[in-house]
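Peer 1: Below: one structure in C-alpha cells.
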Amino acid sequence: MNPRLLPLYATIAIFLVACVICYIQFPYMLSTRVLGNLLTDNAYLGIVAVGMTVVILSGGIDLSVGSVIAFSGVFIAVMLRDTGLPAPVVFVLLLIVTTAFGAAMGGLIHGLAMPPFIVTLAGMFLARGAAYMLTIDSVPIDDPFYEMLRKAYYLMPGKGRLTLIGVVMLLSFAVGMVIAHRTRFGASVYALGGGENTARLMGVQVGRTTVGIYAFSGFMAGLSGIVFSVYTGSGYPLATVGTELTAIAAVVIGGTLLTGGSGFVFGTFIGVMTMGLIQTYIVFDGTLSSWWTKIVIGGLLLLFIVLQKGLLRLTSARFSGGLA
Amino acid sequence: MQTLRRLAPQIVTLLAVCLLVTLFFPGFLDISMSGGRLVGPVIDILKRSAPVALLAIGMTLVIATRGIDLSVGTVIAICGAVAAWAIAGGMGLWAAVALAIGAGLLAGLWNGVLVAVIGIQPIVATLILMTAGRGIAQLITEGRILTFTDPGFAWFGSGTLFGMPVPAVIWIVTGVVMAQLMRRTALGLLVEAIGINRRASALAGVNALVLLIAVYMASGLCAALAGIITAADIRGADANNAGLWLELDAILAVVIGGNSLLGGRFSIAAALLGALIIQTIDTGILLAGFPSEYNLVIKAGLVVIILVLQSPRLATEWYFWRRSVREGPPPATTKEHAR
C-alpha cells in the first residue's frame with residue numbers, strides 16, 4: 001500500500017468513526033437536514049481551506065486569508081451601498097483585487113526570499129487595516145440579488161437544504177482537486193513542497209509558481225469572502241478573526257504535511273467536515289460548552305501530527321532498508 | 001561599542017518614530033512627577049509595551065533556536081485565568097503568582113517536549129496549544145470574565161515602584177536578567193549553536209534536548225509574567241481576548257529587532273527596542289490624532305519596509321553593487337591578483 005495515502009485513510013476513518021458515534025447517540029444527526037447545514041455553515045471555511053491546502057502543499061503558509069475574507073465582506077457591502085454597481089460586477093472587482101493581493105504577496109516572498117510566514121503576516125495586517133479604513137461599522141447588505149443568492153437552494157430528499165453556497169464549496173473542492181492533482185501547476189506545487197532547489201533542478205519555474213500559488217489562495221479567500229457575506233448578509237471588519245488558523249488546522253487534520261509536498265485536497269474536505277461535525281455534536285448535546293470544540297480540535301491536531309510523524313519514520317526506515 | 005553598532009538601526013528607527021510623533025504632538029516627550037509617580041506619554045509607552053516586550057524576550061530565544069512559539073498569546077490567557085481563579089478562590093497573592101508562573105512553565109514544557117523529544121516542527125507544535133489553549137482558559141474561567149478586587153494583585157498592573165509603573169519595571173528587569181544570563185554565561189552561545197545547526201551542535205556536545213525544552217519554558221515563563229500583568233491591569237481574566245494576537249506582535253518585535261527567523265545570532269535588547277518601536281507607533285498614531293483605523297495599515301507598511309531592508313537577496317545585491325562602485329569595473333581575473 002502507498003504510505004502516502006495512509007494519512008488520508010486515517011482522516012476518513014476518524015470521520016466515519018465520528019459519524020458512527022454521533023449516530024449512536026443522536027440518530028437524527030445523520031439526516032440530510034444536518035448535512036445541508038453542515039455544508040452551508042462551513043462553506044466559507046471549506047473554500048478558503050482549498051487555497052490553504054495548495055499553499056501548504058508548496059511548503060508555504062498564508063496567514064492573510066482571515067483578514068482578506070473580512071475585507072471582502074466590507075468591500076462588497078460598501079461598494080453596493082455607495083456605488084450603483086450591480087452585485088456581479090462588484091464580485092468580479094473584488095476577486096481581481098484579492099487575486100492581485102495574493103499575487104503581490106507571492107511576488108514579495110519570491111523576490112525578497114523572505115519566509116512566507118512574515119510576508120503574509122504583513123498582508124494580514126494590511127487587509128484588516130484596509131477593511132477598517134473602509135468602515136469600522138457592520139454594514140448590512142440589502143440587495144435583491146443577494147436575497148436571491150441566499151434563498152437559492154435545492155431541497156434534498158428528507159427536507160435537507162443544499163444551499164447555493166454549499167454547492168459553491170463543493171465545486172471549489174472539485175476545482176482544487178483538478179488543479180492540484182491533474183495540472184502542470186499542481187505538479188510544480190508538489191515539487192516546490194519537496195524542496196525549492198530540487199524543484200528548480202527539475203525545471204519548475206519557481207517564481208511564477210510561487211506567485212500563482214498565493215494568487216490562487218487570494219482568489220479563494222475572495223470567493224470565501226463573497227460566500228461569507230451571502231451567509232451573514234453584512235460586511236464587518238472584525239469578522240473571521242483567526243479563520244486562517246482554523247483553515248490550517250483543517251488542512252492538517254485532512255492529512256496534509258505542514259512541511260509541504262504531501263497531502264490531498266480531498267483530505268482537507270474531510271478535515272473541514274470533521275471539524276463541523278464536532279461543532280454539530282456539541283450543539284446536539286446541549287450540555288457541553290462551546291469551548292470544548294477548541295480543545296477537541298487541538299487534540300485531533302496533536303493526534304494527526306504524531307500519526308504523520310510515525311508514518312514518516314516508517315517510510316524513511318523502509319527507504320533506508322531498501323538502500324542497504 | 002559592538003553592541004551599539006548592532007543596535008544602531010533599531011535605536012535610529014525608535015528615535016525617528018519619536019521625532020515623527022513629536023512633530024504631530026509636541027507634548028510627547030514631557031515627563032512630570034505627579035503624586036509620587038512619573039507621568040507622560042513616554043512612561044505610558046513603557047508601561048503599555050510590557051506584554052509584547054516580555055513575550056519578545058522569550059520569543060527571541062525561541063527564534064534563535066530556529067523555532068517559533070505561536071502559543072504565547074494563549075498562554076497569557078491561561079495564566080491570567082489561573083491567577084484570577086486562585087485570587088477569587090481566596091488562595092492569596094503569592095499562591096496566585098506561583099500558580100500562574102507554574103502554568104506558564106508547564107505550557108512551555110509541553111511545547112518543548114513536542115518540539116525537542118517528538119521532533120514536531122515548532123510552528124505546528126505550538127499551533128496545537130494555540131488552538132486548544134483558549135478552550136482550556138475558558139474551562140478555568142467557566143466561560144465568564146473572572147474579576148477580582150485584590151489590591152495586592154492589581155499592583156502588578158497599575159502600581160508604581162520608584163515612580164515607575166510596575167509593568168515597565170517587570171519587563172526591564174526581566175530583559176536585563178535574561179540578557180545577562182545569556183551573555184555572561186555560555187548559554188547564549190549554546191542557544192545560537194542549536195539554531196545554526198542542531199545536529200552539529202549535538203555532535204559538539206551541546207545538550208540540545210534539554211536546552212530546547214528550557215528555551216520553550218523560558219518563553220512560557222515570560223508569557224506567564226505578561227499574563228499576570230494583563231490580568232492585574234484589568235482586574236479580571238478574559239479568556240477570549242487576553243493576549244489575542246500578541247504572539248504576532250511579539251514575532252514582529254523580534255524581527256524588527258533584526259533577529260533572523262532562520263535562527264542563530266540574537267539580541268534581546270534589539271527585540272525589546274522592536275517592542276518599543278511597535279508601541280510608540282501604536283500610541284503615536286492615537287496621540288497624533290489619526291483615527292486608530294490607520295494603525296494596522298501603517299504597521300503593515302512598516303513591516304514591508306523592514307522586510308525589504310532585511311532581505312537576504314537584496315543585501316547580497318547591494319553588497320555587489322557597492323563593491324563594483326568602489327572598485328570600478330576591472331576585469332574579474334586581475335582582481336584576484338590585486339589582493
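Including glycine, each Cβ sits where the backbone N, Cα and C put it.
Because the structure is a prediction, the values reported are computed rather than measured.
From TrEMBL, for reference:
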- B:7-25: transmembrane segment (TRANSMEM)
- B:45-63: transmembrane segment (TRANSMEM)
- B:70-88: transmembrane segment (TRANSMEM)
- B:94-116: transmembrane segment (TRANSMEM)
- B:123-141: transmembrane segment (TRANSMEM)
- B:153-181: transmembrane segment (TRANSMEM)
- B:202-230: transmembrane segment (TRANSMEM)
- B:242-262: transmembrane segment (TRANSMEM)
- B:269-290: transmembrane segment (TRANSMEM)
- B:296-316: transmembrane segment (TRANSMEM)
Peer 1: Count the CB pairs under 8 A between the transmembrane segment (B:202-230) and each of B:7-25, B:70-88, B:153-181, B:269-290, then give me the winner.
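Peer 2: Per the Cβ under 8 Å count, B:70-88.
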Peer 1: May I ask which of the stretches B:45-63, B:94-116, B:242-262, B:269-290, B:296-316 has the most CB pairs under 8 A with the transmembrane segment (B:153-181)?
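Peer 2: The listed stretch sharing the most Cβ pairs with the transmembrane segment (B:153-181) is B:45-63.
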Peer 1: Have the transmembrane segment (B:7-25) and the transmembrane segment (B:242-262) got at least three CB pairs under 8 Å, pairs 6 or more apart in sequence?
Peer 2: yes
Peer 1: So which of B:45-63, B:94-116, B:242-262, B:269-290 has the most C-beta pairs under 8 Å when paired with the transmembrane segment (B:123-141)?
Peer 2: B:94-116
Peer 1: Taking residues 6+ outside the transmembrane segment (B:70-88), which of them lie with a CB under 8 Å of any CB in it?
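Peer 2: 51, 55, 58-59, 95-97, 99-101, 103-104, 107-108, 111, 123, 126-130, 133-134, 136-138, 140-141, 146-148, 150, 153, 219-220, 222-224, 226-228, 230-232, 236-240, 242-248, 250.
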Peer 1: Using a Cβ cut-off under 8 Å, which residues of the same chain at least 6 positions beyond either end of the transmembrane segment (B:269-290) come close to it?
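Peer 2: Distant Cβ neighbours of the transmembrane segment (B:269-290) are 3, 6-7, 10-11, 13-14, 17-18, 20-21, 24-25, 28, 41, 44-46, 48-49, 52-53, 56-57, 59-60, 171, 175, 179, 249-250, 252-259, 298-299, 302.
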